[in-house]
Amino acid sequence: MDRQDVKSNLVLILDFGSQYTHLITRRIRALNVFSLCINGTSSLKSIADLDPCVIILSGGPHSVHSLDAPCFPTGFMEYIESNNVHVLGICYGLQLIVQKTGGEVRVGEKQEYGRMEIEVEKACGLFGNRKVGDRQSVWMSHGDEAVKLPEGFEVVARSNQGSVAAVENREKRLYGLQYHPEVTHSPEGMETLRYFLFDICGVTAGWKMEDILEKELKVIKETVGPDNHVICALSGGVDSTVAATLVYKAIGDRLHCAFVDNGLLRYKERERVMETFDRDLHLPVTCIDATDQFLSKLKGVTEPEKKRKVIGNEFICIFDAFARDLEKKLGKKPAYLVQGTLYPDVIESCPPPGSGRTHSHTIKSHHNVGGLPKDMKLKLIEPLKLLFKDEVRELGRIMGVPVSFLKRHPFPGPGLAVRVPGDVTEGNRLDILRG
């Protein structure tokens with residue numbers, strides 16, 4: 001995606017650990033505005049390189065008084081002032097703004113959690129489209145509260161308990177909400193975000209999926225040389241299928257896909273997905289029947305995590321063999337590998353702000369092809385890495401992927417293996433489950 005085309009309207013979310021951070025990103029994109037999310041403690045250079053016009057500081061579980069409380073980088077306030085960047089702090093983000101600009105945040109005497117009512121005190125800025133005295137229901141989640149505002153700030157809304165609910169300093173383009181406008185429990189929250197972005201910040205709603213398709217096709221064509229070949233492991237899922245379809249539109253038959261039947265698929269799964277690949281998408285796909293190979297490796301394996309690892313290793317071996325066979329056929333090694341990595345995968349690969357970790361914990365091993373043999377030396381093509389799942393489905397729809405396929409129930413690589421208790425090779429357990 002060409003940064004030059006979105007830089008004037010980029011909304012950057014600095015993540016301080018809120019469970020709703022992904023949702024903020026999605027809500028803004030739903031307004032046809034491009035948004036990205038990065039760790040709240042990212043360097044000032046990382047922020048400046050993205051050149052955002054708006055920055056949103058997310059909520060988070062920390063107290064600004066904690067020794068390990070995450071914070072934006074040194075020089076951040078000077079950067080936003082000199083570059084005329086609008087900033088909106090949400091919950092913890094509001095408290096950071098108040099604390100770092102000379103105000104006071106204390107542990108609240110009236111801690112507020114859950115649905116609350118707020119009342120507009122000043123019909124300006126964040127609530128310029130509301131009247132003084134207007135009330136609305138919002139979702140609160142805070143223990144600390146702002147008790148003394150920095151110079152130049154004013155309270156524009158309070159909760160029914162009298163706590164600060166919204167603040168702003170229009171001259172410095174700093175705004176804050178002590179509630180979550182992005183959740184459905186704040187029914188008028190989207191309208192507040194819309195008013196902030198379009199009326200206060202002057203952002204233009206011009207981010208469309210058709211533009212993403214055109215730009216990604218251009219990037220792929222420029223990345224993959226005219227004589228280079230690309231391989232892709234198709235799982236039969238939405239992500240890999242949309243990614244392969246996009247690459248195929250860009251380079252045609254120089255894309256080589258492999259679909260592996262591991263014997264652990266749903267009823268008629270192989271027939272259905274291969275029909276879609278061939279009839280509807282015209283993708284060049286080699287179907288590899290590796291049922292015996294997988295089931296022999298799984299014989300006697302009963303623990304779900306061990307099953308995942310066995311299956312993952314077999315996928316790698318089979319895909320490695322596919323790549324080597326393709327090299328013999330072409331007389332040259334494939335240069336690129338397509339993966340259907342999505343934006344949530346990218347975000348979740350980062351450690352939570354304030355955790356002190358340099359990587360995320362493993363919850364369970366991933367079913368995508370990963371850890372491929374180093375001697376393959378393939379460069380990655382990840383055309384969906386800035387998109388959410390619903391955006392991938394929309395992109396697929398635009399490219400002609402059947403809607404029935406895009407709405408398929410997710411079915412991870414380990415498939416029925418982790419749905420069958422114990423040894424999957426005993427008796428006819430797999431057939432019973434398919435039935």
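Placement of Cβ uses the backbone N, Cα and C atoms for every residue, glycine included.
Bear in mind that the values here come from a model prediction, so they are computed numbers and not experimental data.
So that you can see what the record holds, here are the features copied from TrEMBL:
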type	residues	note
BINDING	S235, G236, G237, V238, D239, S240, T241	ATP binding site
DOMAIN	207-408	domain 'GMPS ATP-PPase'
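A Cβ within 8 Å of the Cβ centre of S235, G236, G237, V238, D239, S240, T241, the residues given for ATP, is found for these other residues of the same chain: L234, V242, G340.
Each of the binding-site residues G236, G237 was scored by the other Cβ atoms within 10 Å of its Cβ; the lowest score goes to G237. Restricting the average to the domain 'GMPS ATP-PPase' (207-408) gives a pLDDT of 86. Set side by side, the binding-site residues S235, S240, T241 differ in how many other CB atoms lie within 10 angstroms of their CB, and the most is found at T241.
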